[in-house]
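According to Swiss-Prot, the protein carries these features:
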ACT_SITE  Glu103  active site, proton donor
BINDING   His101, Cys157, Cys223  Zn(2+) binding site
BINDING   Arg108, Lys226, Arg232, Lys369, Arg375  1D-myo-inositol hexakisphosphate binding site
DOMAIN    76-400  domain 'A to I editase'
Amino acid sequence: MVSCQGTRPCIVNLLTMPSEDKLGEEISTRVINEYSKLKSACRPIIRPSGIREWTILAGVAAINRDGGANKIEILSIATGVKALPDSELQRSEGKILHDCHAEILALRGANTVLLNRIQNYNPSSGDKFIQHNDEIPARFNLKENWELALYISRLPCGDASMSFLNDNCKNDDFIKIEDSDEFQYVDRSVKTILRGRLNFNRRNVVRTKPGRYDSNITLSKSCSDKLLMKQRSSVLNCLNYELFEKPVFLKYIVIPNLEDETKHHLEQSFHTRLPNLDNEIKFLNCLKPFYDDKLDEEDVPGLMCSVKLFMDDFSTEEAILNGVRNGFYTKSSKPLRKHCQSQVSRFAQWELFKKIRPEYEGISYLEFKSRQKKRSQLIIAIKNILSPDGWIPTRTDDVK
């Protein structure tokens, strides 16, 4: 039995649910409960004009297969619907968050949590989630009894949500676009990468983040594409990839109100675009709605993004505006302010990594990344499959 009305709590009878649906419900409840504790600066507002803002919520959870009172542990939660223009990266030096969509921020947050746990790892007492091997320097593994899940309050942008968009838009919402219409492409010579939601009838192509056609282009790829790539390469970023003995993958993605047809399109997008995928994601439904999602046509996307990280014995949260900590943004014609970077930024993660592996002090982030030949070859191979016409990268963003 489910009772959901507007923004009121949703009462769900977990006892009558299949086990996987029950797991999806439990994960969503934990993530939303943590969201409700965020400071008001980290959440959407009612603007002075009376217009209501909305946002997307995501969270990374660790599930203990052995069960127990702490079966589900939240690693990170994040909100956000924004991606910055590619041009912003020319002054970034790793300090600006280019992609502030919730699920990408949540995964960045989980990587920061893992880096923090490795930095504070004590071999004598160990760690709840990770264990080290006997190598020197030691490398780590996620303990076998833990699995990772990603909760997202709505379908990820890009290919995985195109069928839903097609089924739910009005006939006059979008102009009809033919494959020969060149304005839909970021680069007319690369017809396997489309801009945003243009030509939404077309499937199995890479898309940039959605945005107004007259806005400065972001070049950041859709969440569907990024999540799919991580399911072949690992949810670990290049820094944790170096520190872990084996890659780590998502076991579940939890999305509210997943009807059978929508779930089928999700599985088609995630399971067939990359052949022979050994680590297929299971998509779990949940009934509990996210109360700060879009509820009315007049609601507008929230300007603020946020991230909250759950470390070993404390949590920390940040409000993020225009890719930097709230209150630190400067116009693109000016240099960035000191300490503007988020704790999940490339700059902050690189600084943390060098404390763990001081032998990398003195080289840049991109130089370090270029040395990961096996990982680089894998990612290139994935890109070649997803976009046979070629890849359009974002601007270089290095940290010295």
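These residue numbers are counts, starting from 1, taken along the chain as shown.
Any Cβ shown, glycine's included, is placed from N, Cα and C.
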Averaging the pLDDT values of the domain 'A to I editase' (76-400) gives 94
Rank the binding-site residues His101, Lys226, Arg232, Lys369, Arg375 by the number of other Cβ atoms within 10 Å of each Cβ and report the first-ranked residue.
His101
Any same-chain residues 6+ apart from Cys223 (Zn(2+) binding site) with CB under 8 Å of its CB? Would you list them in sequence order, or say none?
His101, Glu103, Ile104, Pro156, Cys157, Gly158, Ala160, Lys209
Around the Zn(2+) site recorded as His101, Cys157, Cys223, what other same-chain residues have a C-beta within 8 angstroms of the site's C-beta center?
Ile56, Asp99, Ala102, Glu103, Ile104, Pro156, Gly158, Lys209, Pro210, Ser222, Ser224, Lys226
In sequence order, which same-chain residues at least six apart have a C-beta under 8 angstroms from Arg108 (1D-myo-inositol hexakisphosphate binding site)?
Ser76, Ala78, Leu97, Asn237, Val307, Val344, Gln349
Indicate whether Arg232 (1D-myo-inositol hexakisphosphate binding site) is helix, strand or coil by DSSP.
helix
Looking at 1D-myo-inositol hexakisphosphate and its recorded binding residues Arg108, Lys226, Arg232, Lys369, Arg375, figure out the farthest C-alpha pair and report it in angstrom, whole number.
18
If you run the three-state DSSP split on Cys157 (Zn(2+) binding site), which class comes out?
coil
Measure from the Cβ of Cys157 (Zn(2+) binding site) and count the other Cβ atoms within 10 Å, all protein chains considered.
26
